[in-house]
Structure formats: structure tokens, C-alpha cells
Amino acid sequence: MTVVEEERSIEEELLQHDDLNDDSGCRITACVVLSTLVSVCGSFSFGVAMAYTSAAEIEIMKDLGLSISQFSAFASFNTLGSAIGALFSGKMAILLGRRRTLWVSDIFCIIGWFSIAFAKDVMWLDLGRISSGIGLGLISYVVPVYIAEISPKHVRGTFNFSNQLLQSSGTAMVYFTGSFINWRTLALLGALPCIIQVIGLFFVPESPRWLAKVGTETELKNSLVRLRGRGANISREALEIQVVTKMVENDSGSSFSDLFQRKYRYTIVVGIGLMLVQQFSGSAAVISYASTIFRKSGFPVAVGSTVLGLYMVPKSMIGVILVDKWGRRPLLLTSAAGMSISSILIGIAFTLQKMQLLPEMTPTFTLLCILLYIGSFAIGLGGLPWIIMSEIFPINIKVTAGSIVTLVSFSSSSIVNYTFNFLFEWSTQGTFYIFGGIAGAALLFLWFIVPETKGLSLEEIQAKLIYHQSVEINQT
């Protein structure tokens, strides 16, 4: 039987069960809400880690006698650890399950934050940063996958966007408290969400999609009953999960070489492309070096950081509200356009500053453009690449594909973070013209390549994408 014939066979089998009174895909239960809240606790810690070095730089260098190069290395070790965690994230999520992998990530994060909090020298500081980075690398992959696999399809984007909301909350907390809380205490606050998650994971179910893969049908149905409510008829959803999982499992394995099959190349291009667009449009640099940009423009750093702290959470709420109303593609296109325009405007502001034209306007104008940039990033390219990544990969390649996409994200983020200061030193305005050009070019990729996944179940998305590739293969 060909893949296309198997696809049609699956559709016929599901249609035979359309008479079931199935409302399971539309119910938002307390269990789904609790499971989402527990899973995004680690995302709060991720947000703390992103802004930690900005708030703690002066005190750490003074207390431990670090040089600029030593502190720069400490800051970069978070991304190094995250890349290591990303390499193993997919494999661990499939071998251990989503919940157990989150427990492992919590262990790495808690050990890392405590090592930083009680560090007496640079070695323990760096080891702690790497350890917490490994945990955050695991979290970055597992959290959006877990939320996507437990959420009702009509609100999957909204629930998954809470991941970005909690990251922003963690970053905002650091901006607010970093100026008056000791760096050691701030590290302990970074560990607190992970400790909460360790406890909370005892009270939430495992992903039904993972349970379908490991072949425990009873546990699969028990998980769905908990997630959809005891009064819901989960028969059709359970059948759909089992049938599609069986199809992709029988069709191929999950080795690295399987990713090069023609039917998967579209999803791989989408996943990797989104991560490259997300990072090389300058997001990591603007967020991590906002104080440097403020200082260069002449705007007071303390005021600018406070404004950003106030702005971080509300701007993330926009994406949460709109993602399942507008859809993924409109938000991505709006996001890229806004980032391109705001980057070019920042470049123009620095150009005028260099030409000594309207110098009194540059600081305020730069602040407004940075707020526009971060707001544009938040509604689309900030969280949607992770959401789409969690949706488009079939269960059989989710291990390797998810790990590679996550690794690409952290590797490209590391490149942008490392090169930003050199670019900024070379040309303040040129740096933002480059970011604006990349974000503008990304519009073509988003328009022609990225699919819309709003309102579809994971099985419908994956069957549609595989069918699309199968038709293409048969036609050639």
C-alpha cells in the first residue's frame, strides 16, 4: 500500500466514527489549565536567565573579582549549555516521556542556580551557568511540545503562547528587582519556579500522544479522560491519535537519516527556517543588549530598563489573545514587518545622530522604536516558531527534528549575541539596517513557505503535510 492509499484508508476509518458524540476537542478543563501552568513554570526560569547577566553584571564582577572576559564567558555559557540540552532534548522526551524530561530539566536548573547563588569563584559560577543552560535547553523543546499535545485544538496556540508570556514575566521580574536585590538572591529566585514545577508535575497527566507511541492504550485513554473531563467522549480523539501514530511509526523510523526523506523536507525547512528568521532578525541582541543600545543613543539606562520591565508582560498578552483568532501566518507576517520597520527606524535615528541632526530626538525615538520592535517580536516571531515546531513534526521524527531545530535556534542565537558588539562597534546604524533587511526578506519565506495550522488537530496537520509531500513524490 502506498503512502497516499494509506492516508485515504485512515480518512475512511475516521469517517466511520463521525457518528460518535465527540466534544473532547473543544473542552477546556481545569486539568488542561493546571498542566499548562505547571509546564510553563520552567519558562519563567528561562526568562530570568535571559536577563540575569544584565542585572547582575556589576555586583558579580565586583564580588568575585571577574574580568570583563571572564564575565562575558559566564554570560555565554548559558547558550552553550542550552545547545547541549537541545542535542538530547528530543531523545529524552521520547524515551522518558514529557513529564520525566521536565523533571530532569528541573534538576539541572536547580543545581545550576544554586551553584551560581553560592559560588565562591568563577569555576562554580561557570559550571552553574552551564548546568542551568542544559536544563533550559530541555525546557525549550519539551514545554511547547507537551502543551501542544494536551491542549484542545481551537485554543492550542493560546495555551502555547503562555510559554512566551512566562518567559517575559521572568525577564520583567529581573528588570524590576535586579537593581535592589543581591545577585545571589536573584539566582535563588531563578530556581524557585523549577522547584514549584518538580512538585506540580506529580499532579498532571502524561502526554496522550507519547502514550500512544509507547503502546499503552489504557494509559492513553486515562490521560485523555483527565484532560477532556469525565463527561467527554474521547473515543474519536483516541482513535485518531492511535491511527496516525501507527501510520507514521510503520512508515519510517526516527533516525537522523529519516529526516532526508523527501516527504519530510518541507516540515524541516519550515522548522529550521523559522528559527533562523527568529534569531538573525536581531531579537536576541536587542533584548540582551538593550542597555547598551540605550546608552549609545543617550537615553538613561535605568529609566529604559524600567520601561521595558513594565512593557514585557503586556506585550506578550497581545499574542496570547490573537494567536487563535487571527491565525499563525497573519501574526508572523505582521511581526516580521513590524521588526523590519522598527529596525530601519532605529538605524535612521543613529544615522541622524552621527550626522548631528536632531540629536535631542534620538534618545526618545530610539526607545519608542525598541518598544515597537519588541512588541512586534512578541506577537509573532517570539513564540510562534516554537508553537509551529511543536505542531508540524510527526511523532516518529519529532525526536531528531525537534532536537535539530532547537539546536539551530540556540546556535544562531549564540552567533547573534557574540557578534552584536562587534557589529555595533563597526556601525550602530548599519547593524540595525542589517536586522531590518533580514526581517524584511523573511516576509517572502513566511508568505510562500510557512503553513497555517490554526484550528487543526496535530493529527490533521501532520497528515496534511505528509499527504502534500506524498502527492509531490508520486507526481515526480
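The count begins at 1 with the first shown residue.
Cβ atoms are placed via backbone N, Cα and C, with glycine included.
What TrEMBL annotates here:
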- 35-454: domain 'Major facilitator superfamily (MFS) profile' (DOMAIN)
- 27-52: transmembrane segment (TRANSMEM)
- 64-88: transmembrane segment (TRANSMEM)
- 100-118: transmembrane segment (TRANSMEM)
- 130-148: transmembrane segment (TRANSMEM)
- 183-204: transmembrane segment (TRANSMEM)
- 266-290: transmembrane segment (TRANSMEM)
- 302-323: transmembrane segment (TRANSMEM)
- 330-352: transmembrane segment (TRANSMEM)
- 364-387: transmembrane segment (TRANSMEM)
- 399-420: transmembrane segment (TRANSMEM)
- 432-450: transmembrane segment (TRANSMEM)
(message) What residues elsewhere in the chain lie close to the transmembrane segment (130-148), defined as a C-beta under 8 angstroms and at least 6 residues from its ends?
(response) 35-36, 39-40, 42-43, 45-46, 49, 77-90, 92-93, 98-99, 101-102, 104-113, 115-116, 156, 159-160, 162-163, 190, 194, 207, 386-387, 389-391, 398, 402-403, 406, 409-410, 458
(request) For the transmembrane segment (302-323), find every same-chain residue at least 6 residues outside the stretch whose CB is under 8 Å from a CB in it, and list them. (result) 54, 157-158, 160-162, 164-165, 167-169, 171-172, 175-176, 179, 290-291, 294, 331, 367, 370-371, 374-375, 378-380, 382-384, 387, 454
(message) If you average per-residue pLDDT over the domain 'Major facilitator superfamily (MFS) profile' (35-454), what number do you get?
(response) 85
